[in-house]
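Feature annotations, courtesy of TrEMBL:
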- 49: active site (ACT_SITE)
- 52: active site, nucleophile (ACT_SITE)
- 237: site 'Linear diubiquitin binding' (SITE)
- 262: active site (ACT_SITE)
């Protein structure tokens, strides 16, 4: 049993423990953490497997959720797997999270289950008014491995759906965000089918999210993901937004990374920042 999201710890205390030396890298990290500590008091460590970008983003989104996002409210949200499979036969090769001892049903039924779970959890947590109670509900959810990994499967499928929408929009001459060109300019993902085979199917197993896929995750959730990239301290990429031209009504979640591979989360905004 491993904690998915560790308890809070003072940010500067965490920094001192992790970055003791006097190398240029350690000095830069300390400066980076000092900058984050201007805004946030504490840090929570995220369990380091290949799902950590999902885990950090979803935990932050649920921790501050006060309502169900628009895309989760739509009637046909849970019909997504059936609708997509009726158009794209190749989605049958979606790599499902293997559950020991469970017979795999129809792929669309499995994914539908994950989407229903995502909607239910988001709704339940967003309806909790008391901040402490809300935090407890999030902590509890991220201690339930079975549910937690099912939610990541749902997120992956939403990313695939978003990629298909962007790809088709571009083919039909509509304007698409720049990251979408970059996503499909890679040799390994020149179309959504390749993206699924070479990237999405591997997330959580043999790899995490690449930078361009952070944009895709942000678009799928309709959230702005703000990341303190500590190794970029004192450059203009120190605070990076995915997407970099966010919609004004998208909520913002904040993550911290030291290397663009592993993500932790800052918590407890300092009082003066909130004002």
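Placed from the backbone N, Cα and C atoms, the Cβ positions cover glycine too.
The Cβ of 237 has fewer other Cβ atoms within 10 Å than any other of the recorded positions 49, 52, 237, 262. For the pair residue 237 (site 'Linear diubiquitin binding') and residue 49 (active site), the Cα-Cα distance reads 25 Å. Taking the C-alpha positions, the distance from residue 262 (active site) to residue 52 (active site, nucleophile) comes to 6 Å.
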